[in-house]
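Q: According to TrEMBL, the protein has these features:
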| type | residues | note |
| --- | --- | --- |
| DOMAIN | A:5-79 | domain 'Glycine transporter' |
| DOMAIN | A:91-164 | domain 'Glycine transporter' |
| TRANSMEM | A:6-23 | transmembrane segment |
| TRANSMEM | A:30-46 | transmembrane segment |
| TRANSMEM | A:58-78 | transmembrane segment |
| TRANSMEM | A:90-107 | transmembrane segment |
| TRANSMEM | A:113-136 | transmembrane segment |
| TRANSMEM | A:148-163 | transmembrane segment |
| TRANSMEM | A:169-188 | transmembrane segment |
Amino acid sequence: MFFQIIDILGTIAFAISGVLVALDKKMDPFGVLIIAFVTAVGGGTLRDVLIGQTPVSWMTNMTYVYVIFAATVFAVVFRNKINYLRKSLFLFDTIGIGLYTVVGIEKGLVAELHPIICIALGTMTACFGGVIRDILCNEIPVIFRKEIYATACILGGLTYFGLRELPILNNWVFVIAGAVVIIVRLIVVRFKISLPSLYKE
Amino acid sequence: MFFQIIDILGTIAFAISGVLVALDKKMDPFGVLIIAFVTAVGGGTLRDVLIGQTPVSWMTNMTYVYVIFAATVFAVVFRNKINYLRKSLFLFDTIGIGLYTVVGIEKGLVAELHPIICIALGTMTACFGGVIRDILCNEIPVIFRKEIYATACILGGLTYFGLRELPILNNWVFVIAGAVVIIVRLIVVRFKISLPSLYKE
Amino acid sequence: MFFQIIDILGTIAFAISGVLVALDKKMDPFGVLIIAFVTAVGGGTLRDVLIGQTPVSWMTNMTYVYVIFAATVFAVVFRNKINYLRKSLFLFDTIGIGLYTVVGIEKGLVAELHPIICIALGTMTACFGGVIRDILCNEIPVIFRKEIYATACILGGLTYFGLRELPILNNWVFVIAGAVVIIVRLIVVRFKISLPSLYKE
């Protein structure tokens, strides 16, 4: 129940971020809806396709469809006022990333994959909706240029597998690893930390 | 037999639309062939991958491969004269979209998915070949900016599930729903109807 | 063992080519790693997804992950000196393409697909990592504009199925077809042969 609420909040934040990019590109209503959808479920869809868990998860759970549709209509109607929600959206988004990372990791474990692959799947779940959104909008994915999410996801993933070695309940491993993703991202954004640049200024 | 002919006409129209875009981008012969192929089978391929029906359908039916290859050669050779065929091509294209929408819906039903997901699969089958074509050609997909197909597909899908509630033979449901897609699209193009704009002029 | 070394050399060459394109686009370290990864394993991943062999192959063989990671770090650190390696890299790349083409063909045979589809799968394995790399970097795939690889792969594929008709050991079919890909590519690049242009100069 608790995780389901987080999941829905994350889905809303992701969908709205898609709507804002699509509006910026002057897309029509159909395009806006598709971009919202892809941003929200794209990462999990790619993960499911790569590990062969099909039909992909949003096809068998109508909650996502309804939530994304409602969030899209909301964001389109109130787009001029959405700036006031920027802080809440950022928080939802960050919490969503934490949850998705751990969910992705656990799907990898169920498929009996190597921990490094599981961390890659977790990062993919959290980050690749945005990558597909940017490709559909004809942009170089923002995450490849100004990394914000991925390092947090990877650190959370390492935490997950570190904790699994300890005598801790699985639920706690889940919560703590997700919390690491969230806290790292909050710190990174708060203090404007970025990966070391590969280029001379 | 009847549906097979429609399927082939639709495939031809889709492939030729791919060739024209690729020639516009000054692609080489290999690129032109790939874009023709992707435009014709991309939507169905994405659908098959997402619902886990693999190998994807064009891999197990050589008809598509031969038809697309022939259509590509034809379109390249006669590209300066293809303008005379524009009306026929538009008609084939529209009929193809009608057929693909219903085929996609029925694949969703076989996989026991929710009606809304089935309609999404139908729309995807009809429209996403063009989306992948545009991404490969480094354009924002035209369908996200000036929507032409998708609304027709969605209306046809709603018709399909409306009719299924009535005591009508399945074959008729198939034909009528496909016809709705075709008629809506013809009307939309004839009267230059578009979705309400989200932007002030 | 012999093939494994070729596979690793090919993976290194592909990953480094990804790094160079990503650095050119001023990506951050995470982006560079992802592009290297996608370039190296993208073709095989697409093939596996389309024929339904999941989890896709790099997820169940950690060698690729380690090799790509090491090649990426190497290429980033020594990027100013990588020009000296250009000839070796081109050779590794070409040998890799030969191997991947035949590996892709044989995966198609295992899935009992038509020879033409098998050749398409082989070409895809060898070439589509570069296609996905270019899409993520917001470029029209170079292979669609100035064809270098694909014809070599297709000729190698035709050789493969020609030889299978003869009383030759399977291993020899594998090696000769791969060698045809390599030799054709070397000749094509050496004598600057390109596909006939579809456009008037």
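Every residue gets a Cβ built from N, Cα and C, even glycine.
What TrEMBL says about a protein is an automatic prediction, not a curated fact.
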Q: Is it true that the transmembrane segment (A:169-188) and the transmembrane segment (A:30-46) have 3 or more Cβ pairs under 8 Å, skipping pairs fewer than 6 apart in sequence?
A: no
Q: Using a Cβ cut-off of under 8 Å, list the residues of the same chain at least 6 residues beyond the transmembrane segment (A:113-136) that approach it.
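A: The answer is 14, 17-18, 21, 34-35, 38-44, 46-47, 50-51, 96-98, 100-107, 142-144, 149-150, 153-154, 156-158, 160-161, 181.
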Q: At a threshold of under 8 Å on Cβ distances, which of A:6-23, A:58-78, A:148-163 pairs most often with the transmembrane segment (A:30-46)?
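A: Checked against A:6-23, A:58-78, A:148-163; highest Cβ contact count belongs to A:6-23.
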Q: Against the transmembrane segment (A:90-107), which of these stretches has the most C-beta pairs under 8 Å: A:6-23, A:58-78, A:148-163?
A: A:6-23
Q: Counting only residues 6+ away from its ends, which parts of the chain sit with a Cβ under 8 Å from the transmembrane segment (A:6-23)?
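A: For the transmembrane segment (A:6-23), the sequence-distant neighbours (Cβ-Cβ under 8 Å, at least 6 residues beyond its ends) are 31-32, 35-41, 63-64, 67-68, 71-72, 74-76, 79, 82, 89-90, 92-93, 95-97, 99-100, 129-130, 133-134, 137.
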Q: In this predicted model, what is the average pLDDT of the domain 'Glycine transporter' (A:5-79)?
A: 90
